[in-house]
Amino acid sequence: MNNSAASTVTEFILLGFPGCQELQYFLFSLFFGIYIFTTVGNGAIVCAVRWDQMLHAPMYILLGNFAFLEIWYITSTVPSMLINFLSETKTISFVGCFLQLYFFTSLGTTETYLLCIMAYDRYLAICRPLHYPTIMTQQLCSLLLSLCWVFGFLSYFVSTVQLSQLPFCGPNTIDHFVCDVDPLMALSCVPAPVTETVFYVLSSLIIMLTLLYILGSYTLLLITVFKVPSAAGRQKAFSTCGSHLTVVCLFFGALLAMYVSPTADNPAEIQKIITLFYSVVTPFLNPLIYSLRNKEMKAALKKVLKIE
């Protein structure tokens, strides 16, 4: 590609994880296995919630939607990574790059909103158990889920379009495995402080506000749990929240490290590892976390997978 000032970039080169061909084959096998396990595991959760009448409660409907979201979230990155491992050119089209950026950020944003709804559900179930059935109805659950998906995909729409309108005249090499905001901003021919500021302010607000809401919900929840007189009651309350809190810690911990704390001076490899953690590792661990810590889900998954 001609990288002169007069040229226009029509494709980007995603360096991914550079290395010898043997390493590329190994990484392809590793991430292919992770992708298959993640899609099958989360797909089994979706099927269990859909087919098992015992799981037609708001908590499990939310979990089924979360598993469905995780399938698409990992699909926004890993298939292109797999192609990249076997490709000699390692290119992605201009349009393909910005589409990946849009779906990657939108699905991640939807996940933060969905984790908030799941925290609200657990707060109602434990702090207001008598009112829970009348407040968290199927209609309210469906409405909250719809808003979650709609606002998740609207949050970064304008910013992504603005970023795509910036001039890219070369170079066109992205030292990452996914089209993300930082490397694309760095490749723009002209500074775009307004677009950059909007992205980071929006990211910080979404991450911090949703995290504060979840932490606030769990603070109230824990206060209520510690007032429960019986140890068995406390154990039951903790068991219903432990899985969700584990996922929150894994997901938001990586997001804070990537988008809220300063990462511009971090080596590219560190940024890749952090991105891998919240975009690949969390969806991968989701089926294990929820199936191992929830008896009802474990029983439903055994039915779906035909395990005696």
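Positions of Cβ are set from backbone N, Cα and C atoms, glycine also.
According to TrEMBL, the feature domain 'G-protein coupled receptors family 1 profile' maps to 41-290.
Same-chain residues lying 6+ beyond the ends of the transmembrane segment (25-49) with a Cβ under 8 Å from its Cβ atoms: 17, 19, 55-56, 60-61, 63-64, 67-68, 70-71, 74-75, 78-79, 81-82, 85-86, 280, 283-284, 286-288, 290-291, 297, 300-301, 303-305. According to TrEMBL, the feature transmembrane segment maps to 25-49 (among others).
Annotation comment: TrEMBL describes 61-86 (among others) as transmembrane segment.
Taken from TrEMBL, the feature transmembrane segment applies to 92-120 (among others). If you look at the transmembrane segment (92-120), the same-chain residues 6 or more away from its ends with a CB under 8 A from one of its CBs are 9-14, 59, 62-63, 65-66, 69-70, 72-73, 76-77, 80, 144-145, 147-149, 151-153, 155-157, 160, 163-164, 168, 174, 178-181, 184, 206-207, 210-211, 213-214, 217-218, 244, 247-248, 251-252, 255, 278-279.
Sequence annotations record features per position, and here TrEMBL assigns transmembrane segment to 140-158 (among others). With a cut-off of 8 Å between Cβ atoms, the residues of this chain six or more beyond the transmembrane segment (140-158) that come close are 58, 61-62, 65, 102, 105-107, 109-111, 113-114, 117, 120-121, 199, 202, 206.
Proximity of distant same-chain residues to the transmembrane segment (198-225), defined by a Cβ-Cβ separation under 8 Å and at least 6 residues beyond the stretch ends, is recorded for 109, 112-113, 115-116, 119-120, 122-123, 126-127, 155-156, 159, 162-163, 181, 185, 234, 237-238, 241, 245, 248, 252, 255-256, 259-260. According to TrEMBL, the feature transmembrane segment maps to 198-225 (among others).
Feature annotation from TrEMBL assigns transmembrane segment to 237-261 (among others).
Away from its own ends, the transmembrane segment (273-292) comes close to residues 31, 34, 37-38, 41-42, 44-45, 63, 66-67, 70-71, 73-74, 76-78, 104, 108, 176-178, 180, 243, 246-247, 250-251, 254-255, 257-258, 263, 298, 301 of its chain (Cβ-Cβ under 8 Å, at least six residues beyond either end). Residues annotated as transmembrane segment in TrEMBL: 273-292 (among others).
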